[in-house]
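Annotation source Swiss-Prot lists active site, 4-aspartylphosphate intermediate at 329, citing similarity to another entry. Annotation source Swiss-Prot lists Mg(2+) binding site at 588, 592. According to Swiss-Prot, the feature phosphothreonine maps to 881, 947. As annotated by Swiss-Prot, phosphoserine applies to 899, 931, with the evidence given as experimental evidence. Feature annotation from Swiss-Prot assigns topological domain 'Cytoplasmic' to 2-61, 115-243, 292-643, 694-709, 773-784, 835-948. Swiss-Prot lists 82-93, 265-273, 666-670, 731-751, 806-813 with the feature topological domain 'Extracellular'. Per Swiss-Prot, transmembrane segment is recorded for 62-81, 94-114, 244-264, 274-291, 644-665, 671-693, 710-730, 752-772, 785-805, 814-834, and the stated evidence type is sequence analysis.
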């Protein structure tokens, strides 16, 4: 017999030898290992997970200096040391050291924050680590898959991702999806004794298995070593690249203009030109942008996890912010998934069988441990759960699977006779019992009555097994009865749906139940009853009445879909995406995985299977719809912070490049590159706090609108550049400030002008963040305390430098407190128009400005054709009155809504009001009575008037 070391070195072929030999080679039994044996073996085989590549901390740190934005700064450093050494002056060591310091500071912050975010993410993902049922010390328990070692006995069931390579023990064949490993699209049937591979998904069946390989020794582990993961460039990275390219191009344009004007035209000295180019390079590059955005997402991701939504993919946050359609499972998300049975409504179809016996048969066909919601409800209806197995001996249990849609128990009674009971979908049980047409019609009519009251149906059948073997087909099945299942809506679902509607998120119900049940649930939740059976839209037998309307339009307008199969979910998502919607999809089962993958945001609900979690982008740890809507709001707040910063970054690039370019070219004033470095360092320190800023989430779905970011940045940055140019002109060429405020003139002192321009640029540049972070007036929306404190500290430092600094190398001299006060006043006065520009850009980009100017002709007034019709009507009225005629009824005097966009907005508002009104009705006495009457099936006339 070989040792465990031989097993580790794979000198023994455990895949092919008989199963009994496997136990001998692994020195284990069908009773599993002890905890001590497991700990000893993990020292030999290592943990059951793939080895993570250890990354050098130094290389990771230096990696933050290796991106296009950093390259520009590094080019500036090379210019400062290599090119800036002409005209008898030494190399620009101060700027070189300053640039290196800026790069190191930025990389250090990035490194620390990403490290913290990585640790937080690792802690969160540990909660999502695959779990498995393992037999240790003779007891079954759920453990992390990482503790598995060869020799462990594990339980595999529907929806599980197989945790290690294993050989199947006795039981029914298993259907396994190996597409992730082998590319086979169809599930493979695995029989007892055969091997199943780590990473494949159980599609059908339940069985025990003995682990033969773990971690890097598995088939999956070996393949992972051979294949390097491909890095897909996400949408977020593309946006980051686009903004970075815009800033770099803006700087390049400014530099080309400076080179053309300064050298051939103005005949400036070589060194002066280099210094001016350095100003544009250092001041224009938003070096902190990758750090700020990644830190903002990491902190936001942590905040989402605290609300019960763990993000597996960081960029899912931006997609969540833009989500406008949410396809939500009914069971467990909109409802409690706590089923109850009204015994009075149970229907019996077998002579000599009581209603209590129907319930007992249903409980017998249920699991007594490791239950799903239906099993728990059936066993819970018994006075004592032990009754489900009292007086019988279990021979074989057939677990639920999506194909058969039923469970079954083969058992031996006290007399030694063999029987089988089954519960499941009525259609499947009717087919199983080969029911007559009359019986089928009767059953289906009762199912419809249940459905009208919002009740699901569960059928029960029984048979005798005279052959007394578990494989035998048995005697004909007998249809025993029908049970009504009530799954009450969550108490917060109706309110959450109303909130979602107000946030611009259309919630569509996805249910496998009948259409009538879906409509009744939709009515109770106030989400509308415009629902379709998915087979009528997407199946092979499509509804002829709907054939004239495009399927995409029907799906887009629907409030929900009933009778949904997993493949329909995928098609629903696909059709909605074709209509340019950002779609979220919830799911919990193995068959939901394709739809979760296809959706822009796949959401695995609480208690989802491993397969669903693996396919999703966000995993919920709390049940219900409210956690999703809270996550939407939080995602929008996170996205708002990122968008605010990108507008700010573009604005600063424009204001620095074109402000200093104009001053350098018009007045040949050479601003100090070192002072621009000081501005950049103080700005970066302040702007890091934006990741924790207080913001108002967008009231509608939001997304990266590069046109808006660039337009806003150019206008705000351009305005600030002009204000700096005007300030410089007033201080350098006029005595306006001296005459108005009584400060001494600095018009002929370039060093003091340097201090004045530095302070003005520093204040107004950093204050711009308060404009870009707010949707309304910037002084109305209170910023976060950290941002405010950072701004005040940075500007106090900037003011002290401007007042007292006397640095010859930076060509700056203190201007005194009088000038500092004047500059602060000038900055405050020029700050206020920034909000107006922001509103104007938003209005122009919305399309309404051009529409009102050219089509509706209502710009600057709400009257069509600029009030032409009203003026004509008034003139006509005056003329008729003048001639003694009766005034004619004025037609079309009042303004019309001539825009399709406005009409659609009005329709949307009306729809919203109708939904809220319907919701409010449910909370009135009338709505409550009608709901109870319908639920109980009472045959009474509900009064038409109520007095409350």
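Numbers here mean position along the shown chain, with the first residue as 1.
Each Cβ is built from the backbone N, Cα and C atoms, and glycine gets one as well.
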Ask   = Hey, how far is residue 592 (Mg(2+) binding site) from residue 329 (active site, 4-aspartylphosphate intermediate), Cα to Cα, in Å?
value = 10
Inquiry  = Between the transmembrane segment (671-693) and the transmembrane segment (710-730), are there three or more CB pairs that fall under 8 A, provided the residues in each pair are separated by 6 or more in sequence?
reply    = no
Distance from residue 588 (Mg(2+) binding site) back to the residue listed as 'active site, 4-aspartylphosphate intermediate', taken between C-alpha atoms, in Å = 9
Request  = For the transmembrane segment (274-291), could you work out the same-chain residues 6 or more beyond its ends whose Cβ comes under 8 Å from its Cβ atoms?
outcome  = 64, 67, 69-70, 72-73, 75-76, 79-80, 83-84, 86, 92, 95, 99, 102-103, 106, 109-110, 113, 240, 243-244, 247-248, 250-251, 254-255, 258-259, 262, 645-646, 649-650, 652-653, 656-657, 660-661, 664, 670-673, 676-677, 679-680, 683-684, 687-688
Inquiry  = Can you tell me which recorded stretch out of 94-114, 244-264, 671-693 has the most Cβ pairs within less than 8 Å of the transmembrane segment (644-665)?
reply    = 244-264
Ask   = Can you tell me the mean pLDDT for the topological domain 'Cytoplasmic' (292-643)?
value = 85
Note = The answer for the transmembrane segment (94-114), taking Cβ pairs under 8 Å and residues 6+ beyond its ends, is 60-62, 64-65, 70, 73-74, 76-77, 80-81, 84, 278, 282, 287-288, 290-291, 294-295, 298, 673-674, 677-678, 680-681, 684, 688, 809-810
Tertiary contacts of the topological domain 'Extracellular' (806-813), as residues 6+ beyond its ends and Cβ separation under 8 Å = 94, 670, 672, 674-675, 749-752, 754-755, 758
C-beta crowding around residue 592 (Mg(2+) binding site), within 10 angstroms = 28
Request  = For the topological domain 'Extracellular' (731-751), could you work out the same-chain residues 6 or more beyond its ends whose Cβ comes under 8 Å from its Cβ atoms?
outcome  = 667, 669, 757, 811-813, 815-816, 818-819, 821-822
Query = In the topological domain 'Extracellular' (265-273), how many residues does DSSP assign to helix, to strand and to coil?
reply = 5 helix, 0 strand, 4 coil
Key: Tally of residues which DSSP labels helix, strand or coil - the topological domain 'Cytoplasmic' (694-709)   = 4 helix, 0 strand, 12 coil
Inquiry  = Do any residues, 6 or more residues outside the topological domain 'Cytoplasmic' (773-784), come within under 8 Å Cβ-to-Cβ of it, and if so which ones?
reply    = 641, 644, 648, 689-690, 692-696, 698, 834-835
